[in-house]
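Asker: My structure is below; once you've seen it, I'll send some questions.
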């Protein structure tokens with residue numbers, strides 16, 4: 001069964017380019033920033049499993065998931 005997901009987008013609205021296909025630490029970190037726990041390099045771009053539409057864009061993901069008290073002193 002195919003796991004749903006999406007290609008996350010960076011601050012420029014572009015997909016994250018990756019060179020090591022499959023298991024990829026960079027992509028895992030990117031996917032965590034976008035609010036999901038796992039991703040990998042597919043077709044030279046990071047793919048995040050279970051990444052929802054609302055979190056594809058990095059700015060949306062930060063708004064939805066960031067817990068930085070300097071950015072959000074009163075929480076969310």
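Note that Cβ sites are derived from N, Cα and C of the backbone, with glycine treated the same way.
Got these off Swiss-Prot a minute ago, pasting:
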DOMAIN    3-67  domain 'LCN-type CS-alpha/beta'
DISULFID  18-41  disulfide bond
DISULFID  27-46  disulfide bond
DISULFID  31-48  disulfide bond
Asker: Comparing the disulfide-bonded residues 46, 48, which residue's C-beta has the most other C-beta atoms within 10 angstroms in this structure?
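Answerer: Result for the most crowded candidate: 48.
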Asker: Which of the disulfide-bonded residues 27, 31, 48 has its Cα closest in space to the Cα of residue 41 (disulfide bond)?
Answerer: 27
Asker: Using the alpha carbons only, what distance in Å do you get between residue 48 (disulfide bond) and residue 27 (disulfide bond) once rounded?
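Answerer: Cα to Cα, residue 48 (disulfide bond) and residue 27 (disulfide bond) are separated by 8 Å.
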Asker: Among the disulfide-bonded residues 18, 27, 31, 41, point out the residue whose Cβ has the most other Cβ atoms within 10 Å, with all shown protein chains included in the count.
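Answerer: The residue with the densest Cβ neighbourhood is 31.
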Asker: Going by DSSP assignments with H, G and I as helix and E and B as strand, what are the residue counts for the domain 'LCN-type CS-alpha/beta' (3-67)?
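Answerer: Across the domain 'LCN-type CS-alpha/beta' (3-67), the residues distribute as 20 helix, 16 strand, 29 coil.
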Asker: Check the Cα distances from residue 18 (disulfide bond) to each of the disulfide-bonded residues 27, 31, 46 and keep only the ones within 10 Å.
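Answerer: For residue 18 (disulfide bond), the disulfide-bonded residues whose Cα atoms are within 10 Å come to 27, 46.
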Asker: In Å, rounded, how far does the Cα of residue 31 (disulfide bond) sit from the Cα of residue 46 (disulfide bond)?
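Answerer: Checking the Cα atoms of residue 31 (disulfide bond) and residue 46 (disulfide bond) gives a distance of 8 Å.
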